[in-house]
Amino acid sequence: MRNLLRNRRSSFLLLLLVAFITLIFFLGTSLIDQSVRGMRKTYVDNLTGDLIIQKESRVSMNLFGANTPIIDDFFTIPSLPAYDNVKSIVKEEPDIAFQAGLVSGKAVMDLGGQRSAVPLMGVEAQSYFDLFPGINVERGRKLLPGEAGVMITSGRAASVLKKSGNPVEIGIPVRLTSAGKTGFKIQEVPLVGVFSYTNPGPYMEEVVISDPQTVRALSAVLTVASVPVEVSENAMELLDGDLDDLFGGFSLVDEAQQSEDPEDLLSNLKADIARDDDAESISLTGGDWNFLILRLKDGASPFAVQNRLNSRLQDIGVKAVGWQTAAGNSALMILLIQALFYGGMLLVVIAGIVTIINIILISVFKRTREMGTLRSIGASDRYILSLLYQENLILSLLGGLAGVFIGKGLLFYLNSLKWPISHNLIAALMGSPILTVNYSGTLALQALFLAVLLGLLATSFPAWKATRINPMEAVRRG
């Protein structure tokens, strides 16, 4: 400590530099950690769940298309094969709390005199809303299982009111139009409810929730069974027959009906249609869903569950992906920012090491006589090395503690301001409309470790130079 106090200037500069680097690292990692947790909460609670099962593809997909913008307009999201088998495998996983199928599509929506392109989400009504606690119904109600209809966000309802002056009423017809290779598809369904997301992320206000069959009809998706269909021998023999023979004796109206009154025939036809409507519908669930969204139990590891599922699903041609992939470019942008920050931080650390080396070298040169005297009285290289390492580790640790405490104070001050975030993207990144960055003891320890590592690396070369000092030359120069 005496040497540190004797060389106050170099000691203060070293401590200040380490404190600054530690402060930058601590604040930066705190902001990134908060943004990752905030973005995860935004998407997991509202849109993507923890994991998504999708068909294997060479193209990276999100819930609405390709993650590569240049091919998104030409990309069709593939259907999930063997849907029933996939659901049975997922059901056997103990760490999964909820699961819900999703059909994704796009359409042009006419509502309140306003026309706009919208992303459509055809959902399994009950299980979907159980999976997402962040969906809040403000007017109307949620879709019921088997019901045709749509739900729009409160932001879209407000936009329609602002542009047209017409309030959006529950129950009004909503027209959806899509265009494809087979021509235009038009569906008209009632507006069932208006909802909002808890802290909506980018583009979430554009989402329209619909029943799955409406989205399938707009996308011209055929509903097929995922279980093997057995065809009898008699039915197979029909393929070898002549169509004229097959329908030769067929009449749309039998002899008994030919004498009936047309009004009676019409009544009978209506009765037949009514019986068909009341009949139990067949649930065909294979090949007509794009995704299976999964919500994990509290404390479950998404990475571990994803690996277990993929080991069982690979033979089916499907895979489980994380919420970042399903959320699309908004979430992937956070990973890019994180990588850029750590890359920039590496450059700062390298520059800091070079600067600290220069500071310590100057200090060693000023203490040439002291080092020479120590060596002349028998001090070993190990003793001189330990002396310099102890001094600089003390300074590095003090600088690291100073940086962490200053950073902690700045975080508490920032949180006390309760700064509102007006931009939706930034609010989604931080997971709250109020700017809040939580203190993390783990990140504080990482910052201290960086400070100590910085001191160790920066001391290595000057300490080696100190052991090369010639005692006689040092005394003569001193």
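Positions of Cβ are set from backbone N, Cα and C atoms, glycine also.
Residues 334, 337-338, 341, 345, 348-349, 352, 355-356, 359-360, 392, 395-396, 398-400, 402-404, 406-407, 410-411, 437-440, 443-444, 446-448, 450-451, 454-455 of the same chain sit 6 or more residues outside the transmembrane segment (12-32) yet have a Cβ under 8 Å from a Cβ within it. Annotation source TrEMBL lists transmembrane segment at 12-32 (among others).
Within its own chain, the transmembrane segment (339-365) is flanked in space by residues 7, 10-11, 13-14, 17-18, 21, 24-25, 28-29, 32, 371, 388, 392, 450, 454-455, 457-459, 461-462, 465-466, which lie at least six positions past its ends and keep a Cβ under 8 Å from the stretch. Taken from TrEMBL, the feature transmembrane segment covers 339-365 (among others).
Annotated domain 'ABC3 transporter permease C-terminal' per TrEMBL: 345-471, in sequence order.
Here TrEMBL flags 392-414 (among others) as transmembrane segment. Same-chain residues lying 6 or more positions outside the transmembrane segment (392-414) and placing a CB less than 8 Å from one of its CB atoms are 1, 4, 11, 14-23, 25-27, 30, 360, 435, 437-439, 444, 447-448, 450-452, 454-456, 458-459.
According to TrEMBL, the transmembrane segment annotation covers 443-464 (among others).
In this model, the domain 'ABC3 transporter permease C-terminal' (345-471) carries an average pLDDT of 82.
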